[in-house]
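Single-structure report; data block below.
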Amino acid sequence: MEPQSLCSSLEILTQHINTIIDLISSPYHCFTVVLVAFLATLFFACRRKAPIYLIDFTCYCPPSSYRLPLAMFEENQLYDNMDPDAVAFQCKIMAKSGFSEQTSISPSLAQIPKIKALSFALDEAETIMCSVIKDLFEKHNINPKAIDIIITNSSVFCPTPSLSAVVVNKFRMRSNIMSFNLSGMGCSAGIISMSLAKDLLRVHRNSLALIVSTETLSLNWYTGKVPSMLLSNCLFRMGGAAILMSSRVQDKHKAKYKLQHIVRTITAQDDQSHGCVYQQVDPENKEGISISKNIVNVSGDALKKNIASLGPLVLPLREQFLYLFSIICRKVWSSRRISIYTPNFNHAFEHFCIHSGGRAIIEAVERNLRLRKQDVEPSTMTLYRFGNISSSSIWYELSYIEAKGRMKSGDRVWQIAFGSGFKCNSAVWKCVCDVKPDTATAWRDTIHSYPLDIVRKN
């Protein structure tokens, strides 16, 4: 470049720099630049997803007077003029269920004869919900009026006013609280409630959300003879949980967990899946929940589809590569002798909370995911101590892990729930602090005696 051209270019550059300096030096233009920078920062901050925290949760522990030992179950059914064959079938199922003598039912179902009334169902729901919410609020000194979002879920019991309205009334919450009640969503409704809370908390930032998961038994006890409908009497027991989630920045340091992922799968497009868990009436016009014998296979199919979406989000690249490589090998060589690689989920999670829907469900998940016995211990012990407590079971399992002192900062938890429809939902949490064992939990009186070796009866 010639010296004259170089001098000309430098003069032009100097002029541009001086012009920018003059603009910035002007008070009006300086304010404009600052305002644009502030708006740009605010825009990108708003586009970033707000982190969702789990502050804490509480689980309902029924009093010992609500217990349902096998002998009491058999006696009540016989004295209630139930068909002897139906009673024998239920006792056989309960003997194989993996339940202890500590599982509980509503007092109204222990009466002879049983009284199925709306008033008893409302009393049961209010007892559970108010107990867990009160414990949660007192534990963290929370004013009910500070709650911005309330979500309740109960699959079969859906009164008017709704259960969420009952909570607002009992705790005198604000008139502008966002209130939601989910019904008919089955045992996976707890994670569906979390998904709804997550979306609302990200839209309405700096908010608190209270979730209450429960199921009432008072109106849902089946008194007929159909075996598939008698199963619900053998499996479902009394329980519930309250969960406090937040998108407030100030809650970061007192939260236990941070939400990583929620993945929901529904297979209702398939008739077999849709009818797997079904509310209906029998030939004697008695209402109940029918549970298909294909439920384990249906659950397995739903879990595979759920993992197909969750796996790429959580599994290390090595596990994803091995899985993909095994599929390619099987396609290329067209040989069934080449098995598809099952990823090692212990490389993605330290803890597993599998819905305690029944012993067969837990064992199928353990087998298909090649989990260790200690991985399914929280689910097995929850089923043994409390039975199938529907959508709240995953919280009893998380409470078990905490009560054992196993939850450490950085640990990842995978909650898996199955429900009618058929649905398989997953939630992944990351622990943000070392969780100390809490003496005021549903496991407070018995945690020292677990785990137990449960003898399987044939």
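Placement of Cβ uses the backbone N, Cα and C atoms for every residue, glycine included.
Pulled from TrEMBL:
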type: TRANSMEM; residues: 26-46; note: transmembrane segment
type: DOMAIN; residues: 46-332; note: domain 'FAE'
type: TRANSMEM; residues: 180-197; note: transmembrane segment
type: DOMAIN; residues: 350-430; note: domain 'Beta-ketoacyl-[acyl-carrier-protein] synthase III C-terminal'
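Under 8 Å from some Cβ of the transmembrane segment (180-197) lie the Cβ atoms of residues 52, 149-158, 162-165, 209, 211, 213, 241, 243, 245, 259, 262, 264, 277, 355, 357, 388, 390-395, 415, 417-421, 423-427, all in the same chain and six or more residues away from its ends.
The average pLDDT the prediction assigns to the domain 'Beta-ketoacyl-[acyl-carrier-protein] synthase III C-terminal' (350-430) is 95. The helix, strand and coil residue counts that DSSP assigns across the domain 'Beta-ketoacyl-[acyl-carrier-protein] synthase III C-terminal' (350-430) are 38 helix, 21 strand, 22 coil.
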